[in-house]
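*Asks:* Here it is, the structure in full.
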Amino acid sequence: MARQVICWCFTLNNPLSPLSLHDSMKYLVYQTEQGEAGNIHFQGYIEMKKRTSLAGMKKLIPGAHFEKRRGTQGEARAYSMKEDTRLEGPWEYGEFVPTIEDKLREVMNDMKITGKRPIEYIEECCNTYDKSASTLREFRGELKKKKAISSWELQRKPWMGEVDALLQERDGRRIIWVYGPQGGEGKTSYAKHLVKTRDAFYSTGGKTADIAFAWDHQELVLFDFPRSFEEYVNYGVIEQLKNGIIQSGKYQSVIKYSDYVEVIVFANFTPRSGMFSEDRIVYVYA
């Protein structure tokens, strides 16, 4: 059974009387048709003023078969007015207000232009929101991310040139550890710069499953640890990412691979003794 929605298509076989616009309806269009088997029926499309259940729709037009609208607004209206099977009509009631077509790409383009939030598409594009709410939220998040990243500016410090030089030479074993005990050395600003200029993966740490799920095979991985995280650093996930193979068990178990990953850690502390081989860490003092 369909969830409560605004837009409904319907078929009513062997109708006995014409239909009219109910107070709960915003728009109604239908016509009398004859199917291939010769059956006479109403074919129509309804836009409700608010979300309505299937049971609620059947109370409005008893005996009708209802389906949640699958295509676009314009397609549903056109299907209810097609000429090839028409006997009488079509009849329209209420106001048909063309809105953005219910296609995700067009909704995304509209969101990009207007800056609307995903929830604002519930009324205008009810079916797109029903099907793709999470996709729209993700897309809006990407727009916000791009806007934020474009505004990031970097005030260069001497130590940053040392990291730049290291990144010029690929090394499949090292972990670059940028250590600045005082704070205010520009570690986070430089991490943002690498996100902006090199599409780096950024994390402040956490559980292996969460980090593995979020990592999308970026070649440059950044861990920017707050001072308060010193006792909770997940050294294992740092090493797994550097090795270019990590298991993501969140939602769906999958092993992710990469032929090369560069890892940079930004911290106010040095790594705990014994967590890495000494020859694996390359320190840069901020």
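Every residue gets a Cβ built from N, Cα and C, even glycine.
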*Asks:* Which one, His22, His41, is listed by Swiss-Prot in the same divalent metal cation site as Glu33, Asp84?
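*Replies:* Candidate listed by Swiss-Prot for the same site: His41.
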*Asks:* Among 79-82, 107-110, 231-234, 275-278, where does Swiss-Prot put the label motif 'RCR-3'?
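*Replies:* Within the set 79-82, 107-110, 231-234, 275-278, Swiss-Prot attaches motif 'RCR-3' to 79-82.
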*Asks:* Which of the binding-site residues Gly186, Lys187, Thr188 has its Cα closest in space to the Cα of Glu33 (divalent metal cation binding site)?
*Replies:* Thr188
*Asks:* Mind tallying the domain 'CRESS-DNA virus Rep endonuclease' (2-96) by DSSP state, helix then strand then coil?
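*Replies:* Secondary-structure composition of the domain 'CRESS-DNA virus Rep endonuclease' (2-96): 14 helix, 45 strand, 36 coil.
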*Asks:* An 8 Å radius from the center of the Gly186, Lys187, Thr188 Cβ atoms defines the neighbourhood of the ATP site; name the other residues of that chain inside it, in order.
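*Replies:* These residues sit around the ATP site: Gly180, Glu185, Ser189, Tyr190, Ala191, Asp224, Phe266, Ala286.
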*Asks:* Take the motif 'RCR-1' (9-12) and find every residue of the same chain, 6 or more past its ends, with a Cβ under 8 Å from one of its Cβ atoms.
*Replies:* 19, 30, 41-46, 57, 61, 63-70, 76, 79-80
